[in-house]
Amino acid sequence: MAKRQLNRRQNWRIEKIQGERAARAAKREQHALQELEGGDLGPEQLGLVIAHFGVQVEVEAQDGETAGQVFRCHLRANLPALVTGDRVVWRAGNQGIGVIVAQMPRSTELCRPNNHGQLKPVAANVDLIVIVFAPAPEPHPNLIDRYLVAAEHAGLRPLLLLNKADLINDENGPGLHALLEVYRELGYPLLEVSAHHGDGMQRLQQQLDGHISVFVGQSGVGKSSLVNSLLPDAGTRVGDLSEWSGQGTHTTTTARLYHFPNGGDLIDSPGIREFGLGHVSRDDVEDGFIEFRDLFGTCRFRDCKHDREPGCALLKALEEGRIKPQRMNSYRSIIASLAEDSY
C-alpha cells in the first residue's frame, strides 16, 4: 500500500509539533546541564564519542582511572554538532553523568546533506569506508558510485563489500559479477562475504584491524549482521527486508562505535537509501571518478558537458570501452543532481 501524501498544511503542522517537542526537550536538557554544572565537576579529560542520542552522547573515557568506562554526557550549547567518532574534552559529574566542554580537531569527517539541504556530519576521524551491498536488495551502481565520490572527497580509503554472497544464484549471478568486475578493473579493493555462514569474515576482519571504519549502504544489506558476526557481544538488532518493497527495514537508529580486540574501531551507521552529494562541487565529482581524471581538460571544447559534443574525450573513451556505460550513467546522474551554484 502506497504512503498517503500529506498536503502543505499537514506538513506544516507536523513540523510545528516536532519543533515544539524539540524546543521542550532542549529546555529540559539546558536545565539539567545548569544543575550539573552548578555542582562539583571533575577535571578535564579526553574522551571518545561512541554513540549519539540527540541532545546527549555516550563518551568513553580515554585516560585516568576511568579509562574505558562509558558515561552519558550533556552537551554545552556553544559546541558544534558532534558525531560518533569525535574526540572530545569532558568533565565527569555525579551519578555517572558528564559534560562535554570542547571538541578536538577532526582528522576526517564523512558528511551528507539532510532533507533541508544542510550539511550533516555522519562520522568523524574515520580512515576506511566500507561500502556494503548484497544480492538483495538489488545493488544500485549509482549509490555505490556516490559513496566512492564521498570517500574521495573526504580522503577516506574505500572497501567494497558484497555481503550475503551465499544468495548469489543463476538468476542474479551474471549481473552481480558484471557489476563487481567494473570495480575490480578500476583497482578498488573488493571482498565477498557471508555474515550468515561466516564465509570470508576472517579476511574482512584482517582488512578492518588497525583502522577506524564505517559501514555504509542501503538498509537490508546486512550491516547489522556483519557487526554481529565480527563482534558477537555487540548485540545489534537485525531487520528483515520489507515484503512489499524489497527495501531493508531500519534496525540501527543511531551510529555506534565498537572496538575490535586486535585494535581498530567500527562505526555502524543507520541505513542510507539515498546518499546526497549536494555539498560537493563538479570538480569533486569528477575527481571521484578515478578513470575519468586524465580525460578531463582534453575535450575539444573547454566547456564540454560530455553529453553530445563533438571532440568529447569522455564520449570517445566510452565508445572505445575505456569507460563503462554504468559509470558514465552514474557520473551524469550525479552531475545532474548537483545544485546550480556548485558548477
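From the backbone N, Cα and C atoms, a Cβ is placed for every residue, glycine too.
Together with CYS299, CYS304, HIS306, the Zn(2+) site in Swiss-Prot holds one more listed residue from CYS111, CYS312, which is CYS312.
Cβ neighbour count for HIS306 (Zn(2+) binding site): 20 (other Cβ atoms within 10 Å of its Cβ, all protein chains included). Apart from CYS299, CYS304, HIS306, CYS312, the residues listed for Zn(2+), the same chain places the Cβ atoms of ARG300, PHE301, LYS305, ASP307, GLU309, GLY311, ALA313, LEU314, LEU315 within 8 Å of the centroid of those Cβ atoms. Looking only at Cα atoms, SER219 (GTP binding site) sits nearest to HIS306 among the binding-site residues CYS299, CYS304, HIS306. A simple Cβ count within 10 Å picks out one of the binding-site residues ASN163, SER219, SER225 as the most packed, and that one is ASN163. Summarised as a single figure, the pLDDT of the domain 'CP-type G' (116-275) averages 84.
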